[in-house]
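Down below is the structure, laid out as structure tokens.
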Amino acid sequence: MRVSVIGCGYLGAVHAAAMAELGHDVVGIDVDSEKIAMLENGQPPFFEPDLPEILSRAHESGRLTFSTDITLVADCDVHFIGVGTPQLPHSDAADMQYVEAAFEGLSQHMRPDAVIVGKSTVPVGTAQELANKLQAIHPNASLIWNPEFLREGFAVKDTLEPDRVVYGLSAKELESGDRARSLQVLDDVYKQILATGTPRLVTDYATAELVKVSANAFLATKISFINAMAEIAEATGADVTQLADAIGLDERIGRRFLNAGVGFGGGCLPKDIRALIARAEELGVGRSVTFLREVDDINSRRRERVVELATEVLGGSLNGKRVAVLGLTFKPNSDDVRDSPALDVAVRLKGLGADVVATDPQGIPNAEQRHPQINYELSTEKALQSADLVLLVTEWDEYKQLDPTFVGSLVREKNLIDGRNALVPVQWSLAEWNYFGLGR
Ligand SMILES: NC(=O)c1ccc[n+]([C@@H]2O[C@H](COP(=O)([O-])OP(=O)(O)OC[C@H]3O[C@@H](n4cnc5c(N)ncnc54)[C@H](O)[C@@H]3O)[C@@H](O)[C@H]2O)c1
């Protein structure tokens, strides 16, 4: 099929390459000419495992092109909208200007009977609004909402082998059941994915939109729950990691997403829970999600707690103390520093007078763009040199594998805060480190 993908960021670039991998002819459109130039050369504009390989295969096959020219959507059968929906600057709500602009551009140039597939994470009600507009412009076109669940770091695998696909249909199309046109077209696009038995759930628009945000709200809640337990563990001397192991063995609870630490971040979870709160308030059901404010607050407190602990460990003042910050991205295997707890902590420490040297295998260019005041060092060894305190804030494998004795030979003082509870405390204590975990 001929497919366009509007918006070529973390979601869209991967989606475009993955659709070409499935054998479709794809054009990726973005307003960012630098990003498009890189993608046109087969270069990923961000770090994502396996993306370089599928991009170059797609490039060689001639099935994937990128452009800033929206008119190229004209001969496509299907259009995916994957533009950003960040938080508005002075509100919790999502900024919908990019979705609106993408839709406007698309509706002007698309074939009048094409299918639009919404992938961006949007406030509930958006799909219906867009469908109404589409109906007025192109009565023979259709809109289906197909939220994306990919995880950065596993984006290629999650796109090609999703654990489920959700199709949100208009009320009219829902009546046609399996004969609904947009459903059949999307089934064709995802034929190979569905052939492997991937569950496909067909819902109305509102449910599809809510599935995405409620999944993120649930995951955020799980993380903040264990971080709340970490606060209590800190006040009582209990060990939150053992607690998580013990409750996680209950199948109804599960161990995943129960790692206490510096909390969640990134371009999705924080803004998605805030947008859900804002939308619920608009709908007059704000009370249903008041607890998400607490989830957000607990999460912010973990960042403060790490800074507080660093100050305590360094004797009450950070002034002039050298702090090696290991990690800048919001999670390992990504270069994404959007709302990253690691970068936030580094910035706060710097603001309090610490001599911060921050390192990360992939995140330095993005971090440097946002916070040039910090001293960045690509080499972990150099970053650790003469540190008074080592702070692990993103659990990259290379940091988890650091040798306590070797690291001990580089630093000035053997103080370590494990902001992700990712290390084995006894190994560090045996090498005479002052090890501080969170909630343990
Ligand atoms: N990143 C993830 O892990 C992830 C996972 C699931 C869902 N999502 C959702 O997907 C959407 C995109 O997220 P992202 O992380 O890829 O964001 P991103 O900021 O990396 O990418 C968005 C892209 O859209 C482009 N864009 C903006 N306006 C445009 C327009 N009018 N026409 C064409 N391109 C335009 C931007 O230049 C940018 O490249 C968001 O709604 C997000 O919540 C993201």
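The backbone N, Cα and C atoms fix where each Cβ goes, glycine too.
Because TrEMBL annotations are produced automatically, they should be read as predictions rather than curated entries.
Binding site for substrate per TrEMBL: PHE149, LEU150, ARG151, GLU152, LYS212, PHE257, LEU258, ASN259, ALA260, GLY261, GLY265, plus LYS331 from the candidate set LYS191, LYS321, LYS331. The candidate list THR71, THR85, THR380 contains one residue that TrEMBL assigns to the NAD(+) site with ASP30, LYS35, THR121, GLU152, LYS271, ARG338, namely THR85. Once the Cα atoms of PHE149, LEU150, ARG151, GLU152, LYS212, PHE257, LEU258, ASN259, ALA260, GLY261, GLY265, LYS331, the listed binders of substrate, are compared pairwise, the greatest separation found is 24 Å.
Cβ neighbours of THR121 (NAD(+) binding site) (same chain, under 8 Å, six or more residues apart in sequence): THR85, ALA94, PRO147, GLU148, LYS212, VAL213, ASN216, CYS268, ASP272, ALA275.
For ligand 1, the neighbouring binding-site residues among THR85, LEU258, ALA260, GLY265 are THR85, by Cβ distance under 6 Å. Mean predicted confidence for the domain 'UDP-glucose/GDP-mannose dehydrogenase C-terminal' (324-425): the pLDDT average there is 98. Put simply, ARG338 (NAD(+) binding site) is 14 Å from ARG151 (substrate binding site) when counted between their Cα atoms. Measuring Cα to Cα from GLY265 (substrate binding site), the binding-site residues that fall within 10 Å are ARG338, out of ASP30, GLU152, ARG338.
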